[in-house]
Structures are given as C-alpha cells and as structure tokens.
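Written out below as structure tokens is the structure these notes cover.
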Amino acid sequence: MARSARAERVSGVAGPLLSIMLLVLPVSPNVASAQVQAEPPQVHQTQAHQTQAHQTQTPADAATPAPAVPVAPAAAAPASPMPAAPAAASPVSVTDPVSPPAADPPVDRPADLPRDLSPLGMFLAADIVVKIVMVGLALASILTWTVWLAKTIELAAARRRIRADLDALENSATLDAALARLVPQDGAVTALARAAAVEMDASSELAAAGIKERILSRLERIEAAASRQIARGTGILATIGSTAPFVGLFGTVWGIMNSFIGISKAQTTNLAVVAPGIAEALLATALGLIAAIPAVMIYNAFARQIAAYRGLVGDAAAAVLRLAGRDLDRHAAGRPRATRAAAE
C-alpha cells in the first residue's frame, strides 16, 4: 500500500516535469541562434575601430607595429546574413602638404619713369613742354631778383640826392642862389630849378600875372617825367606776379595729362607709376609760385618807395615855385633880380 502510494506521487510529479521539458527543448535552439546573431555587430564594430585607428596614424606611428587587439572567437555563422555596417568616412590626413599662395604677377613699369625724384631729376625726366615752362619760370624769378637789386640801388641813390637838393633849396634866398648850390648832376630837383629859371628869363618882358602858371606847368611835366623814370622796371614785376601762377598751372595741367597717359599705357594704378608725373606737374606749380610771390612782394615794396620819392619831388617842385614867386615879387617891387647868367 505504501509503495503504491509513493509510486503514484512520483508519477504525479514526473508528468508535469516531462511536459515542461518538452516545451523548453524547442525554445533553446532559438535562444542559441539569437545569441549567435547578436555577436557579429560587435565584431564588425571592433574591425571598424581598428580601421579608423590605422588610417589616423601618423608616419611615425606607422613605423612602429600596432599592438595586437584580442579578437573574440568567431561564432557560428547566422542562418540569415546581417546587413553590413556603413563604411566610416575617411578622415583628412594631417600630413598633407599645404600649397603656398600664388604670388602676384609682376607689374610692368615704363622704362622712362624717373627714379631720381629730386628737383633736377624731375626736370630732366619731364616732358618738353613742362621743361619750357620750368625754364621760363626760372628766368622770371632771376629777372625779379635782378630788378630788385637794381631798383634798390637806384631808389637809395635818388632819395639821398633829392634830400640834399631839398636842403639846398630851403637854405637859398633866390632861385639863382639855389641853382648855384644844387648838385651839378642831372637830377629831378636840378631840372625843376632850371625849368623855372628858363621860364622867368623867357617872360622877363611880359606881365608877371601868368608867369607862375607857366612855371607850374613846366614843373608838373618835369615831376611826372621824374616819376615815370623812377618807376621804370617795376612793371615787369607786376607782370611776373600776375602771370607766373597761371604759367605754372599750365605746366601742372600738362604734366597731369601725361601722367594719365602713362597710367593708361601701363594699365595699372600703382603709385610708383602715377607719382613721378604728378610730382613733375606740382614742380611746375611750385616754380610758378616761387617766381610770383617774391615779384608781388617786391613790387608792393617798390610802389611804397616810389610814392615816397614822388612826395619828395613834389616838395622840391613846391620849393622851386616859392623861390620863383619871391623873385617875381622882388622884381615887381622894383628890385633888380640877379640874372641866370650872373648866377652861373
């Protein structure tokens, strides 16, 4: 009885175990197959990392052998092949040589450009028209200083002489006495006194009413002639001062025209091509100003000195007229006047 009961319990337990084993056995091959299928992606990933590391090695690293990477044992091939992993992008090699930037093409320079930018060098390399302008302005400047030197000496001597003649007129009582004391040279005051004496001798037999007017007319003409003589040579200063800037401007315009022509021929706007021609043009302007500015200043200075000289000549004419009037009044009063011949 006891044995039969134990056999029944064993058979009751073995039945369910047998059914469980029958259910598990069909599932195990599928599980093994899934594990085998999951392993190849790891192998592919390991090979991809090895390939990338091999490509990024420097030449120095390539010389040394890479350490061996342990590879897992190959598993059984899956029943259905898996899709291959996409190939990794090839990295840019850091050892590729960098090409240098292309050099600028050489600029063609005209052969006639002056390398000496001194005033003499620019003059020698200038156009023939610009050279003529520069030479003309240089001559005008030389002429200006020549006139300045000559007129300065002339005005100084004329002022010194007329002051001495004025002192002689002021210290004389009669016109004949003044003629005897005047400097025996052809000066403005001497010419005034002689003209008054000649008119008085010519009108000795006439009425004294119109003698002063005739003497005054002679004195005015001599005074005007003396003013024209002392101002001689100053007109060229006014001409140079007014025209030299425009002549220099003409040279500047011509030089700039040649500069633009040179730019068009060279087909470049490089400063080394443009600067020499512009410098030549500006040199012509500078010479024009050098000639004009001193000429204007010297002309103004001479104008003031000539005006002062004219005033001295006017004072001398007035002194001569006073002496002539005294002689006429003395003659009208019945006093004899010393003749010009007696005075001489």
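Just so it is clear, glycine is given a Cβ too, placed from its N, Cα and C backbone atoms.
Curation plays no part in TrEMBL annotations; they are all automatic predictions.
Feature annotations, courtesy of TrEMBL:
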type	residues	note
REGION	35-113	region 'Disordered'
COMPBIAS	40-79	compositional bias 'Low complexity'
COMPBIAS	85-97	compositional bias 'Low complexity'
TRANSMEM	128-150	transmembrane segment
DOMAIN	209-307	domain 'MotA/TolQ/ExbB proton channel'
TRANSMEM	236-261	transmembrane segment
TRANSMEM	281-302	transmembrane segment
Given the transmembrane segment (281-302), its same-chain partners at Cβ distance under 8 Å and 6+ residues beyond its ends are 119, 122-123, 126, 130, 133-134, 137-138, 140-141, 144-145, 147-148, 151, 155, 231, 234, 237-238, 240-256, 259
Across the domain 'MotA/TolQ/ExbB proton channel' (209-307), what does the mean pLDDT come to, as a whole number?
87
For the domain 'MotA/TolQ/ExbB proton channel' (209-307), jot down how many residues DSSP puts in helix, in strand and in coil.
89 helix, 0 strand, 10 coil
